[in-house]
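For reference, Swiss-Prot has these:
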BINDING   60, 63  phosphocholine binding site
BINDING   85, 86, 169, 170  Ca(2+) 1 binding site
BINDING   170, 180  Ca(2+) 2 binding site
DISULFID  62-125  disulfide bond
DISULFID  112-144  disulfide bond
DISULFID  207-241  disulfide bond
DOMAIN    30-241  domain 'Pentraxin (PTX)'
CARBOHYD  147  N-linked glycosylation site
SIGNAL    1-24  signal peptide
């Protein structure tokens, strides 16, 4: 386990992260997790994706997460463009409810049957389709109450922005707020340009052995996509469901 500090080592960290994730999955027994320590200005632990996303009219975003506390708003995934800082945003509030923002439209807030437990791994999937504006959230394989239609109907998530994990961007790559950050861990984050069905989402939420996981994102793939680590992010091997 190694902690990387500061943007000056960003390029090297990207290579280390990619190599670490790849070798961990090839072992067939472990996957990798990323730990985000507490934020305190001017230190905002985060992962920043190398490159950008394409234009998207459908998405499924899934990941495993574990939180150390429920205070403020815990931002997991932020995609910001020059025109919209909340082009795509996922977060957890103090009540343990998930919020999902697509293309700057009103946030979808849901209550899930599975409560979020501090210190325990949970799996979440967010889906959205431009055609009817259907947006859903499922936690641990179960759909939440409050899923809706009419969210950003006919819109396209624009290419050219920046993906940040663990912080909320109020401008592209910046204007972070310590009360809008993740204190916890992420793993197995994948993004698709289509809406996965319920059976696929249920399968992803199971504690399957890494060698038995066959559904990986075609836009972001946890063991392939490169990220740069900043401000004390910790990378380590992990058995997700241990």
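First residue shown is number 1, and so on along the chain.
Glycine residues also receive a Cβ, built from the backbone N, Cα and C atoms like all the rest.
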**Asked** Counting every protein chain present, what is the number of Cβ atoms, excluding its own, within 10 Å of the Cβ of residue 180 (Ca(2+) 2 binding site)?
**Response** 20
**Request:** List, in sequence order, the residues of the same chain other than 85, 86, 169, 170 whose Cβ lies within 8 Å of the centroid of the Cβ atoms of the recorded Ca(2+) 1 site.
**Result:** 78, 80, 84, 89, 168, 171, 172, 175
**Prompt:** Hey, how far is residue 170 (Ca(2+) 1 binding site) from residue 180 (Ca(2+) 2 binding site), Cα to Cα, in Å?
**Reply:** 10
**Request:** Quick one: pull the CA-CA distance for residue 60 (phosphocholine binding site) versus residue 147 (N-linked glycosylation site), whole Å only.
**Result:** 14
**Item:** Number of other Cβ atoms within 10 Å of the Cβ of residue 85 (Ca(2+) 1 binding site) across all protein chains
**Value:** 20
**Asked** Which state, by DSSP, holds residue 60 (phosphocholine binding site): helix, strand or coil?
**Response** strand
**Item:** Distance [Cα-Cα, Å, rounded] between residue 125 (disulfide bond) and residue 169 (Ca(2+) 1 binding site)
**Value:** 21
**Euclidean distance between Cα atoms of residue 62 (disulfide bond) and residue 144 (disulfide bond), Å** = 15
**Prompt:** Could you state the CA-to-CA distance between residue 207 (disulfide bond) and residue 112 (disulfide bond) to the nearest Å?
**Reply:** 19
**Request:** Please name which of the recorded positions listed here, 147, 169, 180, is nearest in space to residue 62 (disulfide bond), Cα against Cα.
**Result:** 147
**Message:** Near residue 169 (Ca(2+) 1 binding site) in space, meaning Cα within 10 angstroms, which of the recorded positions do we find among 112, 147, 180?
**Reply:** 180
**Message:** Considering every residue in the domain 'Pentraxin (PTX)' (30-241), what is the mean pLDDT value?
**Reply:** 89
**Cα-Cα distance linking residue 180 (Ca(2+) 2 binding site) and residue 86 (Ca(2+) 1 binding site), given in Å to the nearest integer** = 13
